[in-house]
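Asker: Pulled the feature table from TrEMBL, pasting it below:
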DOMAIN    16-49  domain 'WW'
DOMAIN    57-90  domain 'WW'
REGION    1-24  region 'Disordered'
Amino acid sequence: MAALRYAGLDDTDSEDELPPGWEQRTTKDGWVYYANHAEEKTQWEHPKTGKRKRIAGDLPYGWEQETDENGQVFFVDHINKRTTYLDPRLAFTVDDNPTKPTSRQRYDGSTTAMEILQGRDFTGKVVVVTGANSGIGFETAKSFALHGAHVILACRNMTRANEAVSQILGEWHKAKVEAMTLDLSLLRSVQHFAQAFKAKNLSLHVLVCNAAAFALPWSLTKDGLETTFQVNHLGHFYLVQLLQDVLCRSAPARVVVVSSESHRFTDINDSSGKLDFSRLSPPKNDYWAMLAYNRSKLCNILFSNELHRRLSPRGVTSNAVHPGNMMYSSIHRNWWVYTLLFTLARPFTKSMGFPLSRDMRFRESWIDH
């Protein structure tokens, strides 16, 4: 360090900051080297720290690496429509001999979906997201699509689904994204979706069961079941059963069921401890919207756990997630009381403009509306 100080190479704000006259470059295979323009020389070691570095991960979404007519590598940012000879991954270099990582949590409530997937390449992966035309479903679908996955938005409202597809393509014209009709309140629609998906002869690596109903007035679906129960649980249950063979053939694969902490505040057993089926799809005089939602979320948890037990030996895992409590949404729109409560709470919540974090911290009422 004394020699570096004598040479004036430590007079910068950060130890990784390059001294004047130096430039950081990368090789085609991801190694970082340093060029000194004054002395017209290059070296592998950082001129201040003496460390060797390499690029970490893949290119960010929307970026591609190309070669010009002189054989020089350059990078194209399709989202911002620009080119550069500077590798965008230079901000994510790692030491050639990295130290053992700490156990500190990498993500928190301010982490974005794009940060979670930074450096991940989902090219060749097929992802289905239910209720993906808005809310967390849309953000999830967009994040996967912008990282190379072939994403299918499974939605009830095809007008809004196609608008969502156009929005994703507007961010990256090479994204592989499409919309398909899925109405979870109609079991025949679930069956038709599964048949149409299988006709495409695609794999299925990730199935995100995201769409849900909340605070709905009592009503029965055309199948004769209470709407909240069918949309939140039974429709997804049926969908997974119909696509189970595709998931197993595509292993390793994953099912993600978006549930809620509210599953803790209910019970579906009778006084003797046995399952009470009448509580799952109650008659109008026994119906309370919040309780119906809680019970459907408990069904989500039980279903995800059992699905994992049965399919994990075949390479298909299942995870249930709680989306969080502090994200403002239109979950309240079905009852004025919820509208009032959410309006009062809005200053203390995140808006839909705030990106998502790893545990999917946003929950839409009926995400596909």
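First residue shown is number 1, and so on along the chain.
Just so you know, glycine gets a Cβ as well, placed from its N, Cα and C.
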Asker: Between 0 and 100, where does the mean pLDDT of the domain 'WW' (16-49) sit?
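Answerer: It averages 81.
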Asker: As a quick check of your reading of DSSP, tell me how many residues in the domain 'WW' (16-49) are helical, how many are strand and how many are coil.
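Answerer: Output for the domain 'WW' (16-49) reads 0 helix, 14 strand, 20 coil.
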